[in-house]
Amino acid sequence: MSSTTASPVTVAVTGAAGHIGYAALFRIAAGAMLGHTTPVTLRLLELPDAVRAAEGVVMELEDGAFPLLAGTEIYDDPTRAFDGVDVALLIGARPRTKGMERADLLGANAEIFATSGKALNAGASPDVRVLVVGNPANTNALVASAHAPDIPADRFTALTRLDHNRAVAATARHSGVPVTEISRMTIWGNHSPTQYPDIFHAVVGGRSGADYAADTRWLTDDFIPTVARRGTAIIEARGASSAASAANGAIDHIDDWVHGTPDGDWTSVALPSPGAYGVDEGLVCSFPCRSVGGRWEIVEGLDINPFSRARIDASVAELRTERDAVAALGLL
């Protein structure tokens, strides 16, 4: 994925005319995700009643005259959209509406992502990289993978890079250290308010993150809730959910997956647990990860103190509940 003489990389984006898809597509076309020498073909997948909006997005992509954009295609059929695809950003999901119970939301989206999994299984590239952004992202990724038995489970991931970036930014605001000098941050668990942003293993301007965690009031009353509930704060401030920052997190995630994480650093990725850190095998849980040779590897051997253990366990318990709710619907 590094030469302009190579065949274009085919990238499918679901919910492509939505706010996150719109924010992501132009940066992907400009080379921010796969590199500035890698041509891309973009496949925009939308619901039939949103195809017209997707046509408008394609007009804008054409008008950008991006040198790396080899082509754009619009689909309302996931099987056609995912045929031969190399990267799939599964952004489209049903939002929670007034009066909808969480179980109803889980069920509605599980059906959507079961369909996506089947379509990917039918014809995606053998080494496809799948990133689920649509919420509840962890469990949606679990469902999609379950319906794609011919694709290795480790090719399915869910987005916690947005949360990771939020944790880095919150630490930068508190410490006065630039984000470029903050490394080894970790998000554990679910992409939900139960997530656990872990600064204990981070390096902040050459200092141990544990030094900052020693300020327990900041840690428990500011840092953790600010990161975990940042999405809600953004909705309250702008009247709409995170879009540009979510798109940026997705681009960062795929960029690291393709090109590798920086030496001495790691990032946060929700992927199927192999049983690491006591997390049930198969649960799609966020871990500290490095990208090596195009594959994610969980960072092993970190010391988990009792404070962290309790918070990781709480988020994992929520993931179990989500899994069991979807399984009860016959979708796992």
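From the backbone N, Cα and C atoms, a Cβ is placed for every residue, glycine too.
Since this is a predicted model, take the numbers as computed values, not measurements.
A coil conformation is recorded for His191 (active site, proton acceptor) in the three-state DSSP classification, outside any helix or strand. Feature annotation from Swiss-Prot assigns active site, proton acceptor to His191.
The annotation NAD(+) binding site is assigned in Swiss-Prot to Gly15, Ala16, Ala17, Gly18, His19, Ile20, Gly21, Asn109, Val133, Gly134, Asn135. A simple way to gauge crowding: the CB of Ala17 (NAD(+) binding site) has 23 other CB atoms within 10 angstroms, across all the protein chains here.
As annotated by Swiss-Prot, substrate binding site applies to Arg96, Arg102, Asn135, Arg166. Applying an 8 A CB threshold to same-chain residues 6+ apart, the list for Arg96 (substrate binding site) reads Arg102, Leu105.
Counting every protein chain shown, the Cβ of Val133 (NAD(+) binding site) has 28 other Cβ atoms within 10 Å. Rounded to a whole value, the Cα-Cα separation of Gly21 (NAD(+) binding site) and Arg166 (substrate binding site) is 20 Å. Every protein chain shown contributes to the tally, and the Cβ of His19 (NAD(+) binding site) ends up with 16 other Cβ atoms within 10 Å. Comparing the recorded positions Gly15, His191 by how many other C-beta atoms lie within 10 angstroms of each C-beta, the top residue is His191.
It is 23 Å from the Cα atom of His191 (active site, proton acceptor) to that of Ala17 (NAD(+) binding site).
Other Cβ atoms within 10 Å of the Cβ of Arg166 (substrate binding site), summed over all protein chains shown, number 25. Ranking the binding-site residues Gly21, Arg102, Asn135 by how many Cβ atoms sit within 10 Å of each one's Cβ puts Gly21 at the top.
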